[in-house]
Amino acid sequence: MAQAPHIHRTRYAKCGDMDIAYQVLGDGPTDLLVLPGPFVPIDSIDDEPSLYRFHRRLASFSRVIRLDHRGVGLSSRLAAITTLGPKFWAQDAIAVMDAVGCEQATIFAPSFHAMNGLVLAADYPERVRSLIVVNGSARPLWAPDYPVGAQVRRADPFLTVALEPDAVERGFDVLSIVAPTVAGDDVFRAWWDLAGNRAGPPSIARAVSKVIAEADVRDVLGHIEAPTLILHRVGSTYIPVGHGRYLAEHIAGSRLVELPGTDTLYWVGDTGPMLDEIEEFITGVRGGADAERMLATIMFTDIVGSTQHAAALGDDRWRDLLDNHDTIVCHEIQRFGGREVNTAGDGFVATFTSPSAAIACADDIVDAVAALGIEVRIGIHAGEVEVRDASHGTDVAGVAVHIGARVCALAGPSEVLVSSTVRDIVAGSRHRFAERGEQELKGVPGRWRLCVLMRDDATRTR
């Protein structure tokens, strides 16, 4: 495998006269719209390992949609500050959802940009499946009826000196406040500075920070109907946990989970408990340490031209053909010691302990189903997977599974296509392969070398 830098294609959605930059990764059954972090544009996310891993975990169970809101990063700059703020940033999010064909999404709303998510859930209830607020607030500053907010005199340095390039030299280190566990990491600090520069010049940072500091969206909380998960680190001093408790008290049916930690930046520190809560909230299944991990060879099969076959045969004859296909494939999987873990449309997903067994099984399946007048495409990859139901082995998940599915999608009729990982493991065996070259796999970082099984020269096991 030739691994390239982690690059996701940036596209643009139109929001009035604004161009809103966005990226998509993963292809899970649920859309997860990740609102921007604090002055971290989307083209900087994958350059920071902890943030990259956090988003990859999200993409293992959802389709992640992330964006730069207007005024920041790759999105359009503004002529006037009057078009900044939670209401306008919510419009940016809707424009991106429309551009990617997302009718409804779970909204991931971190820190002070949580206010955008709160407005989005209240103003566009039909577009919000659920809401996740992380270290967020409905208002940053103190008010007589909001004592958990920061006093203006304490907030002022964050709106002035903190936004200047020489802030640390002038004695104000914002990173030590928002992410104390990585404040001493020179590599992280260099990335943080570069991300801030990419986000925009100090004038943009001052304008955005001023709008956020003056925002107050408490009036929308009573209108939020979507299921809401509120996650807040109890040791955060930048956005104290009192903000999260206020949200929980004022959003009907919401659930507050107080997590250990001092970092306001959601992707640093101990992220395991946070990610487990998010995955369980979205999927109903808690991943992480509660899921059994194992090394496996994953095989995907798919009937070529199934829609055309179904139209030509009619429902009854097509159903009979599918039954015969399923019987044949199940028999071959069992014969080679595999385990069926899921069905995928008109195909199967199976795991094997041996890559050679998976290849031999795939080889036989191609020939066996040909007697039915159909062809299949098969993709095989090997890697670590999560067993979702460890006691029964009923399903598997993880990046390796996504790779297997993508390899299968690139296979031609009656082809067995494998990743170079599989080819390298079985080097020296009777199986021979032809190079297919490096390919991009949708939702998977880097470029992957693929190989096709040379079936005509293979030694058959029958």
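Every residue, even glycine, has its Cβ placed from backbone N, Cα and C.
Counting residues per DSSP class in helix, strand and coil order gives 33 helix, 21 strand, 30 coil for the domain 'AB hydrolase-1' (63-146). Feature annotation from Swiss-Prot assigns domain 'AB hydrolase-1' to 63-146; the stated evidence is sequence analysis.
Here the domain 'Guanylate cyclase' (297-408) is broken down by DSSP into helix, strand and coil counts: 55 helix, 33 strand, 24 coil. Per Swiss-Prot, the feature domain 'Guanylate cyclase' maps to 297-408.
All protein chains included, Asp346 (Mn(2+) binding site) registers 20 other Cβ atoms within 10 Å of its own Cβ. The Mn(2+) binding site feature in Swiss-Prot is assigned to Asp302, Ile303, Ser306, Asp346; the stated evidence is experimental evidence.
Within the same chain, no residue at least six positions away from Gln308 (ATP binding site) has a Cβ under 8 Å of its Cβ. Sequence annotations record features per position, and here Swiss-Prot assigns ATP binding site to Gly305, Ser306, Gln308, Asp346, Lys442 based on a large-scale study or a structure entry.
When Cβ neighbours within 10 Å are tallied across all protein chains shown, the highest count among the binding-site residues Asp302, Ile303 belongs to Ile303. Geometry remark: Gly305 (ATP binding site) versus Asp346 (Mn(2+) binding site), CA distance 10 Å. The candidate set comprises the binding-site residues Gly305, Ser306. Of these, Ser306 has the most other Cβ atoms within 10 Å. For the domain 'Guanylate cyclase' (297-408), the predicted model reports an average pLDDT of 86.
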